[in-house]
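Written out below as C-alpha coordinates is the structure these notes cover.
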Amino acid sequence: MPVPQAAVDGIINAEQALYGPFFGSLGVTAAMAFAAAGSAYGTAKAGTGIASMAVARPDLVMKAIIPVVMAGIVAIYGLVVAVIVSGKVEPGGTANYTINSGFSQFAGGLVCGICGLGAGYAIGIAGDAGVRALSQQPRMFVGMILILIFAEVLGLYGMIVALILGAT
(Lines of atoms letter the chains of each structure in order from A and count residues from 1; the text may use other names and numbers.)
(Lines give C-alpha, C1' and ligand atoms only; values in the text may rest on other atoms or scores of the structure.)
Protein backbone atom coordinates (compact mmCIF):
# COMPACT_ATOMS: atom_id res chain seq x y z
CA MET A 1 0.00 0.00 0.00
CA PRO A 2 1.56 3.30 -1.05
CA VAL A 3 2.09 6.09 1.46
CA PRO A 4 -0.08 9.15 0.83
CA GLN A 5 1.77 12.24 -0.39
CA ALA A 6 0.26 14.33 2.40
CA ALA A 7 1.94 12.07 4.99
CA VAL A 8 5.29 12.36 3.21
CA ASP A 9 4.93 16.16 3.07
CA GLY A 10 4.07 16.22 6.79
CA ILE A 11 7.22 14.25 7.66
CA ILE A 12 9.38 16.52 5.51
CA ASN A 13 7.87 19.65 7.09
CA ALA A 14 8.42 18.24 10.58
CA GLU A 15 12.07 17.56 9.74
CA GLN A 16 12.46 21.15 8.49
CA ALA A 17 10.98 22.72 11.62
CA LEU A 18 11.25 26.44 12.16
CA TYR A 19 12.59 25.96 15.70
CA GLY A 20 15.70 24.06 14.55
CA PRO A 21 17.97 27.16 14.64
CA PHE A 22 16.90 27.78 18.24
CA PHE A 23 18.66 24.60 19.30
CA GLY A 24 21.71 25.41 17.19
CA SER A 25 21.93 28.84 18.83
CA LEU A 26 21.44 27.24 22.22
CA GLY A 27 24.43 25.02 21.48
CA VAL A 28 26.52 28.09 20.65
CA THR A 29 25.46 29.68 23.93
CA ALA A 30 26.13 26.54 25.97
CA ALA A 31 29.60 26.09 24.51
CA MET A 32 30.67 29.63 25.27
CA ALA A 33 28.90 30.14 28.60
CA PHE A 34 29.91 26.88 30.31
CA ALA A 35 33.48 26.96 28.99
CA ALA A 36 33.87 30.58 30.13
CA ALA A 37 32.45 29.71 33.55
CA GLY A 38 34.95 26.87 33.94
CA SER A 39 37.75 29.12 32.78
CA ALA A 40 36.75 31.85 35.21
CA TYR A 41 36.57 29.42 38.12
CA GLY A 42 39.96 27.93 37.25
CA THR A 43 41.52 31.37 36.93
CA ALA A 44 40.09 32.56 40.24
CA LYS A 45 40.97 29.41 42.17
CA ALA A 46 44.54 29.21 40.81
CA GLY A 47 44.92 32.97 41.26
CA THR A 48 44.17 32.75 44.97
CA GLY A 49 46.84 30.07 45.29
CA ILE A 50 49.33 32.29 43.46
CA ALA A 51 48.53 35.23 45.72
CA SER A 52 49.01 33.04 48.76
CA MET A 53 52.34 31.58 47.66
CA ALA A 54 53.69 34.90 46.36
CA VAL A 55 53.92 36.24 49.90
CA ALA A 56 56.56 33.66 50.83
CA ARG A 57 58.19 33.06 47.42
CA PRO A 58 57.76 36.03 45.04
CA ASP A 59 60.54 34.64 42.84
CA LEU A 60 58.28 31.74 41.76
CA VAL A 61 55.30 33.83 40.62
CA MET A 62 56.10 33.54 36.91
CA LYS A 63 56.33 29.74 37.15
CA ALA A 64 53.11 29.69 39.14
CA ILE A 65 51.15 31.63 36.50
CA ILE A 66 50.87 28.56 34.26
CA PRO A 67 47.57 27.28 35.77
CA VAL A 68 45.96 30.65 35.04
CA VAL A 69 47.08 30.50 31.41
CA MET A 70 45.82 26.93 31.06
CA ALA A 71 42.46 27.91 32.55
CA GLY A 72 42.20 30.69 29.96
CA ILE A 73 42.75 28.20 27.15
CA VAL A 74 39.57 26.36 28.19
CA ALA A 75 37.53 29.44 27.26
CA ILE A 76 39.23 29.48 23.86
CA TYR A 77 37.96 25.94 23.23
CA GLY A 78 34.42 27.16 23.86
CA LEU A 79 34.98 30.19 21.66
CA VAL A 80 36.25 28.08 18.75
CA VAL A 81 33.22 25.78 18.92
CA ALA A 82 30.81 28.70 19.30
CA VAL A 83 32.21 30.50 16.25
CA ILE A 84 32.25 27.39 14.05
CA VAL A 85 28.76 26.24 15.05
CA SER A 86 27.28 29.73 14.74
CA GLY A 87 28.54 29.86 11.16
CA LYS A 88 26.54 26.73 10.38
CA VAL A 89 23.23 27.89 11.90
CA GLU A 90 20.79 28.76 9.12
CA PRO A 91 17.16 29.88 9.01
CA GLY A 92 14.68 27.13 9.82
CA GLY A 93 12.03 25.72 7.56
CA THR A 94 14.40 25.01 4.68
CA ALA A 95 15.82 21.79 3.30
CA ASN A 96 19.36 22.97 4.14
CA TYR A 97 18.82 23.11 7.90
CA THR A 98 16.89 20.29 9.51
CA ILE A 99 15.92 19.74 13.12
CA ASN A 100 18.64 17.10 13.27
CA SER A 101 21.23 19.80 12.52
CA GLY A 102 19.92 21.95 15.36
CA PHE A 103 19.93 19.06 17.82
CA SER A 104 23.45 18.02 16.79
CA GLN A 105 24.73 21.54 17.27
CA PHE A 106 22.99 21.77 20.64
CA ALA A 107 24.56 18.49 21.76
CA GLY A 108 27.97 19.61 20.53
CA GLY A 109 27.73 22.88 22.40
CA LEU A 110 26.68 21.13 25.58
CA VAL A 111 29.52 18.63 25.30
CA CYS A 112 32.11 21.34 24.78
CA GLY A 113 30.71 23.60 27.48
CA ILE A 114 30.33 20.96 30.17
CA CYS A 115 33.74 19.46 29.42
CA GLY A 116 35.19 22.98 29.62
CA LEU A 117 33.42 23.54 32.93
CA GLY A 118 34.90 20.34 34.33
CA ALA A 119 38.35 21.08 32.94
CA GLY A 120 38.36 24.59 34.41
CA TYR A 121 37.24 23.26 37.76
CA ALA A 122 39.99 20.62 37.74
CA ILE A 123 42.64 23.13 36.64
CA GLY A 124 41.61 25.52 39.39
CA ILE A 125 41.79 22.96 42.18
CA ALA A 126 44.97 21.29 40.92
CA GLY A 127 46.58 24.64 40.12
CA ASP A 128 45.80 26.05 43.57
CA ALA A 129 47.27 23.04 45.34
CA GLY A 130 50.15 22.85 42.85
CA VAL A 131 51.36 26.42 43.26
CA ARG A 132 51.13 26.17 47.03
CA ALA A 133 53.22 23.01 46.90
CA LEU A 134 55.61 24.69 44.48
CA SER A 135 56.31 27.41 47.01
CA GLN A 136 57.42 24.80 49.54
CA GLN A 137 59.23 22.45 47.12
CA PRO A 138 60.29 23.79 43.69
CA ARG A 139 60.80 20.24 42.39
CA MET A 140 57.00 19.88 42.33
CA PHE A 141 56.89 21.94 39.12
CA VAL A 142 57.01 19.05 36.65
CA GLY A 143 54.39 17.08 38.57
CA MET A 144 52.12 20.10 38.71
CA ILE A 145 52.44 20.64 34.96
CA LEU A 146 51.60 16.99 34.22
CA ILE A 147 48.48 17.11 36.39
CA LEU A 148 47.40 20.35 34.75
CA ILE A 149 47.88 18.85 31.28
CA PHE A 150 45.65 15.92 32.15
CA ALA A 151 43.02 18.34 33.47
CA GLU A 152 43.29 20.55 30.38
CA VAL A 153 42.88 17.70 27.92
CA LEU A 154 39.33 17.10 29.20
CA GLY A 155 38.31 20.39 27.61
CA LEU A 156 40.14 19.48 24.41
CA TYR A 157 38.24 16.19 24.18
CA GLY A 158 34.98 18.08 24.54
CA MET A 159 35.97 20.47 21.77
CA ILE A 160 36.85 17.59 19.41
CA VAL A 161 33.53 15.83 20.02
CA ALA A 162 31.65 19.13 19.62
CA LEU A 163 33.31 19.81 16.28
CA ILE A 164 32.40 16.33 15.08
CA LEU A 165 28.79 16.74 16.21
CA GLY A 166 28.50 20.29 14.86
CA ALA A 167 29.92 19.34 11.47
CA THR A 168 27.23 16.72 10.78
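Cβ from N, Cα, C; glycine included.
All annotation found in TrEMBL is predicted automatically rather than curated by experts.
Annotated domain 'V-ATPase proteolipid subunit C-like' per TrEMBL: 26-84, 106-165, in sequence order. Look at TrEMBL and you will find 22-43, 64-86, 106-129, 141-165 tagged as transmembrane segment.
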Distal contacts, the transmembrane segment (64-86) - CB-CB under 8 A, six or more residues away: 24-25, 27-29, 31-36, 38-43, 46-47, 49-50, 53-54, 105, 108-109, 112-113, 116, 119-120, 123-124, 126-128, 130-131, 134-135, 144-145, 148, 151-152, 155-156, 158-159, 162-163, 166
Same-chain residues near the transmembrane segment (141-165), Cβ under 8 Å, at least 6 residues beyond its ends: 31, 35, 38, 63, 66-67, 70, 73-74, 77-78, 80-81, 84-85, 104-105, 107-109, 111-116, 118-120, 122-123, 126-127, 130-131, 133-134
Helix, strand and coil counts within the domain 'V-ATPase proteolipid subunit C-like' (26-84) (DSSP): 57 helix, 0 strand, 2 coil
